[in-house]
Amino acid sequence: MKNTNDSNMTSIHQTIELRTTRPRQPSAPNSVDQTWNTPSNTEIEQVPIPPPDTGKAAWLVLAGCTLIQAPVWGYSLAFGVFQEYYTSHPTALKGDTSNVAVIGTTLTGILYLSSPFTFAILSRWPRLRRWFGPIGLVMTAAGFLMSSFATSVWQLVATQGVVSALGSGLLFTPSTLYLDEWFVRRKGLAYGIMWAGKSFTGVGIPFVMSASLQRFGPERTLQGWTVATILLSSPLLYYLRPRIPLSATTTIRRLDTTFLTLPIFWTLQMGNILQSLGYFLPYTYMSSYAVQQIGATAPIATLVLSLINATSVPGGIVMGTLNDHFSVMSVLLLSSLGSAFAVFFLWGFSSHIALLTLFALTYGFFAGGFSSTWSGVMNEIKRQSPGMDTGLMFGLLAGGRGVGNVISGPLSVALFGKGVGGSGVYEGQYGAVILFTGITALLGGWGGLGWLWKVGGGREGRW
């Protein structure tokens, strides 16, 4: 490569993945090869690069990214247990505890809402990735430690819902970007396994939290969770590393945002937001519902909540794998229709623990796999906008999920206690919540209307 071309190519900020097995010597002392990497679009030096989708290093990164879902999402997935504890132990917190649900929805919502900013920052300034993980771990641990001394709902919102949520977002972002680099052709499977790790976290942690709350109370339980977060996250940060090393000259990259003019992006994003409006409500209300409406014991209620997370594990993997072989539109419709059926007909008419258990199994599989469709969404849009940065796209999809989640918190508080007529549970205090959850689950398939853009010639259209 000639030196006269180096400056021109450096300004392009696009790279091509190297397929060579041995490094070549540069033709000039300061020359830098520019290569294109499909998943992360990152400038690199000319060095041997491990192949994507295979090899020990790729699977170690996938394992690390899967395991780190525990400290990132574990508490939010088990928050229903804390909500049941706080509502059944009025003296645990000072003041009105009717809005305890806002804690969990704020935590999850901010974690998602911060994603567009953190993913955009790390996509534009990739050298910051190595710092976000440690900083996020410190913030997450500090937030939970401070929350162990909280005595009111607003203090828990500030420490858990804000500080820990922001820290978890910093911990989550670089690990996801590394995963995106290591998997290309099998991206759907990789993301499915990652989200399955999140769901699997929700299988065991609620039991641990419930037992700890009954024996030690919330203060010691939160302190123990702080220690567990530090011990699990610290070694994982070592294994999470990029597939493509950055060059010495890489400082800033231009982000291609032309995909924002594609109608299909906004169609799919709208379905993503609508689905998230009600997606988290069963996680929030299931424990208290099982105790108050069915008459189940606290351990049984925790088991039902865990079953939602348990079936989300195969659900996430199956939906992710389907994205690698079928249109994302079809997968979105499958997830949405299955979720809506579970809510309307199983939860909506449940009067016994057996039917509620069947709801947990069905809803967990179909709704729990919805996030795994994001890999298909990214692939679909990247075909129309090849310069799109998949990390930025992932952040926007996560942000859309956060918008729905934050709105659903206070909205669910307003809906709770209102029946909607009919028979069964619909006429009870959970009736409006169940109906709202079912409608939003059905609207998650709105993205399936993206077929119209293909059939009507909108595949290449822009706004």
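Every residue gets a Cβ built from N, Cα and C, even glycine.
Listed in TrEMBL for this protein:
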- 1-44: compositional bias 'Polar residues' (COMPBIAS)
- 1-49: region 'Disordered' (REGION)
- 57-82: transmembrane segment (TRANSMEM)
- 102-122: transmembrane segment (TRANSMEM)
- 131-150: transmembrane segment (TRANSMEM)
- 156-177: transmembrane segment (TRANSMEM)
- 189-210: transmembrane segment (TRANSMEM)
- 222-240: transmembrane segment (TRANSMEM)
- 260-280: transmembrane segment (TRANSMEM)
- 300-319: transmembrane segment (TRANSMEM)
- 326-347: transmembrane segment (TRANSMEM)
- 353-371: transmembrane segment (TRANSMEM)
- 392-417: transmembrane segment (TRANSMEM)
- 429-453: transmembrane segment (TRANSMEM)
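Between the transmembrane segment (189-210) and the transmembrane segment (353-371) there are 3 or more Cβ pairs closer than 8 Å, counting only residues 6 or more apart in sequence, so the two stretches are in contact. Remote same-chain residues near the transmembrane segment (222-240) are listed as 60-61, 63-65, 67-68, 70-71, 74-75, 133-134, 137, 140-141, 144-145, 147-148, 171, 174-175, 178, 209, 212, 216 (criterion: CB distance under 8 Å, separation of at least six residues from the stretch ends). Contact between the transmembrane segment (102-122) and the transmembrane segment (326-347) is not supported: fewer than 3 Cβ pairs lie under 8 Å, counting only residues 6 or more apart in sequence.
Here the transmembrane segment (326-347) has long-range neighbours at 268, 271, 275, 282, 319, 355-356, 358-359, 362-363, 365-367, 369-370, 373, 376-377, 379-380, 425, 434, 437-439, 441-445, 447-448, 450-451, meaning same-chain residues at least 6 beyond its ends whose C-beta is under 8 angstroms from one of its own. Residues 191-192, 195, 199, 275, 279, 282, 286, 289-290, 294, 296, 300, 304-305, 307-320, 332, 334-339, 341-343, 346-347, 401, 441, 444 of the same chain, all 6+ positions outside the transmembrane segment (353-371), place their C-beta atoms under 8 angstroms from a C-beta of that stretch. Same-chain residues lying 6 or more positions outside the transmembrane segment (156-177) and placing a CB less than 8 Å from one of its CB atoms are 40, 64-65, 68, 71-73, 75, 93, 102-103, 106-111, 114-115, 118-119, 122-123, 129-130, 132-133, 135-144, 146-147, 150, 194, 233, 236, 240, 242, 391, 394-395.
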